[in-house]
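Here TrEMBL flags 85-165 as domain 'DUF6535'. TrEMBL lists 107-129, 141-162 with the feature transmembrane segment.
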Amino acid sequence: MDKWSDKLEEFANDVEKLLKSVREFVEFTDDTINAAGLSIVTDLRYRASCLKSYKGQHRSLEIKTYLHELSKEFGEHFKNIARCLSTFIHIGVPSIRHGQKRENKTLIHLSTVATFFSAVTATTLQYSVNQTATTLSRVVNGFWFSSLLLSSSAALNTWLILTWKEAH
């Protein structure tokens, strides 16, 4: 019984972690989840601080009654959070999926464009390398090599991002 205040504090920390994780989805924002979560976090922390002042007295009938009444109050918080999470599951999860698919399509398009530029640069470089060696042709070839390197790097970087996003 003496660990109630610690457990309430730990639960408040866990709810804060959940809220932080939900806020990381930029594709879906819902202030009701934040409001409900912050409400329960504030209440949990307040009740934990109140219980700390009665440390060692948790076996008394008054404290047991107080804890029992707390369960009723937190029941309302849990119902509110359950409603918010239900909305999140029905509306937020499909929105997040759609946003992530759209983002993946954008990355695939970027990779395709970068690969196309790499092919164009490589083809043009084949014709440019065989020209007579003048200062201007060396500079132009240097730019072609730089272009090939950058476009190949962009394509590779895009595929690495896609692979990393799928793994996480």
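From the backbone N, Cα and C atoms, a Cβ is placed for every residue, glycine too.
Keep in mind the model is a prediction, meaning the values are calculated, not measured.
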Mean per-residue pLDDT computed across the domain 'DUF6535' (85-165): 86
Residue counts (helix, strand, coil, in that order) that DSSP gives for the domain 'DUF6535' (85-165): 76 helix, 0 strand, 5 coil
